[in-house]
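The structure appears right after this line, and notes come after that.
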Amino acid sequence: MSDEEYSIYDEVEIEDMTYDPALQTYSYPCPCGDKFEIALADLQDGQDIAVCPSCSLMVRVIFEVDNLPKAPDAAASIAVSA
């Protein structure tokens, strides 16, 4: 979607967001009292809009893909039987 299709509340540096490694999501406080959220996988796919699930506000996340945490390798979590 183009910028015209979004009503962006603000731009937020990813360093100002909180990362939850268990959920693999970034969050940032929303003025409504909830949190803007965006998944690590979405950021890695080039998406940069975090949304608040409680209101209509959205923020643009400023980040470099190369600086994101690496997603856990699904194959690495599978035990290999001998």
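Cβ atoms here come from the backbone N, Cα and C positions, even for glycine.
Per Swiss-Prot, the features are as follows:
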- 8-64: domain 'DPH-type MB' (DOMAIN)
- C30, C32, C52, C55: Fe cation binding site (BINDING)
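Overlay of Swiss-Prot feature records on the structure.
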residue: C30; record: Fe cation binding site; Cβ within 10 Å: 21
residue: C32; record: Fe cation binding site; Cβ within 10 Å: 13
residue: C52; record: Fe cation binding site; Cβ within 10 Å: 21
residue: C55; record: Fe cation binding site; Cβ within 10 Å: 14
Three-state secondary structure, C30 (Fe cation binding site) (per DSSP):
coil
Helix, strand, coil: count each for the residues of the domain 'DPH-type MB' (8-64), based on DSSP.
8 helix, 27 strand, 22 coil
Show, in sequence order, which residues other than C30, C32, C52, C55 on the same chain lie with their Cβ within 8 Å of the centre of the Cβ atoms of the Fe cation site.
P31, G33, D34, K35, F36, P53, S54, S56, L57
